[in-house]
Every structure is written in structure tokens, then in C-alpha cells.
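**Q** Sending over a structure as C-alpha cells; questions will come in a sec.
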């Protein structure tokens, strides 16, 4: 009788969890987003991290589409941007999305950093380390992108910023010539900046995954700054709803910039073609 019970117990199938937690590939995403344990008291300031992810996706997709029409040459770059705005189907919207998306990226990143400073998230040194490197990469990416339209501010902005290399002792002048590809900001500079502007986002995506990996390893901080292992809820549906609401608020302001006032955060001097012989007065 004991033997029969033992056999029955062995042959009885074990209970299994949801498919998302048993499939090896899906489980990685599930543990990082769907069933991720989160402190129960996170407020709206924690939504800016996911908004940054949204910004990165918007910039990647819009930049990829713009690259199919852009020409990285000093004689054609400005005209190719005008062509995108005037002749490409919905090109004006595509360019406004990419240009204002970078501004929204920095608004969100400043709010994200301010939250980290105020609530002590910097105490998790590994996460903060990758976050700082992401911020530096974003600054570099924005600078490279700002030069590509090859307007007056693009050209002179590139000239001023790259000339900062010349103050480095001994190797500064050589580095500056290498970055320029000549004796001044020229066609070679534009081509190099375009190549780097295209490649850096993929480096940023890799660093974002590292940032999230180390964040989820220890868990998010919370407004009280205390251990919250016993007061956690799944990321879905509690924080997906909050993030979706944040996306809606983000989209209202973003589409206002794109469709109503696209030059609010821009510079009108960039509508003049680059002229190496005429420096803007305030530069």
C-alpha cells in the first residue's frame, strides 16, 4: 500500500507557474518588467526613467527614417534638411519629432537626475556610475546631432566646442586636427560627426541595459529611503498604469512642440546656411 502511494506521488505532475515565468527567454523580460517587485510607495518622479526609454525609442526610429533622406556633405547637408521639411511626405513632422525629441530627452533626464539626487539613489554606486556615463553619452550624441543640419549655429557650435580640445596640454592641437580632419571644421568633420551620431545610440542602448540590470539586481530606491523588501508589489499593473499616464502627459507637451510651436526650444539662426566667413554676433 505504501509502495503504491509512493508511485502515485512520483507520477503526479508538479504544478507549473504561468508560461511567462517558465519559458527561459520570456522569463528574463518577465522578471525585469512584468513581475518585477517594486516598492509600494514610488511616486510620479519615478516615471521619468521609463519616459527616458520612450524618448530613446522615438529618437532611434525617427533618426533612422531621417537618415534615409539626409546627405552628409557640407554642400548638400542644409539643402537635404530643407528637402526633408518641404518635399518628403510628413518630413516636417519627422524632423520636428527628432529635433524636439532631443529637447524632451534632456527635460526628462534632468528630472530623473534631480530625483536621484533628492531621494538618495546615488547611494547605489554601480547604477549611478552607468547613469552618469549615459548622461555623458547623451550630451555627446546631442552635440553631434546639432551639427548635422549645417546651419549657422550648427557650424559655429561645432567650431566653439571642438576648439575646447586645444587647451589640452601637448596633445590638444593634434587631437583637434584629428577630430576636424583638416585645418578647420569642414566636410570631413561633418562626415565623422554623422557616423558617430549614427553609431552612438547603439552604445547607449547597451549601457541602458547594464543600467537596468544593476538597478533590478538590488531593486529601486523609494521616497522613504528605507529597505522595502517586505512592501513590494508587481510592476504590472501597479506601475505600468502610472507609466502610461506619464506617457500621455509627455505626449501632450511633446505633440504641442512638434505640431504647434516647433521652434520654441530651437534657434532661428540655424535656418541660415553655414557661413565660415560670418560669425553670429552672440557667438
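Cβ from N, Cα, C; glycine included.
TrEMBL feature annotations, pasted as is:
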- 16-224: domain 'Cytochrome b/b6 N-terminal region profile' (DOMAIN)
- 44-66: transmembrane segment (TRANSMEM)
- 127-148: transmembrane segment (TRANSMEM)
- 154-172: transmembrane segment (TRANSMEM)
- 193-214: transmembrane segment (TRANSMEM)
- 225-283: domain 'Cytochrome b/b6 C-terminal region profile' (DOMAIN)
- 244-260: transmembrane segment (TRANSMEM)
**Q** Which listed range (44-66, 127-148, 193-214) shows the maximal number of Cβ pairs under 8 Å with respect to the transmembrane segment (154-172)?
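**A** It is 127-148, which has the most Cβ pairs under 8 Å.
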**Q** By Cβ distance under 8 Å, which residues at least 6 away from the ends of the transmembrane segment (44-66) in the same chain are close to it?
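**A** Residues 84, 94-95, 97-98, 101-102, 104-105, 108-109, 111-112, 115, 119, 145, 197-198, 201, 204-205, 208, 220, 239, 242-243, 245-247, 250.
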**Q** I'd like to know the mean pLDDT over the domain 'Cytochrome b/b6 C-terminal region profile' (225-283).
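**A** Mean pLDDT for the domain 'Cytochrome b/b6 C-terminal region profile' (225-283): 89.
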**Q** Per DSSP, what is the residue count of the domain 'Cytochrome b/b6 C-terminal region profile' (225-283) in each of helix, strand and coil?
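**A** Grouping H, G, I as helix and E, B as strand yields 29 helix, 4 strand, 26 coil.
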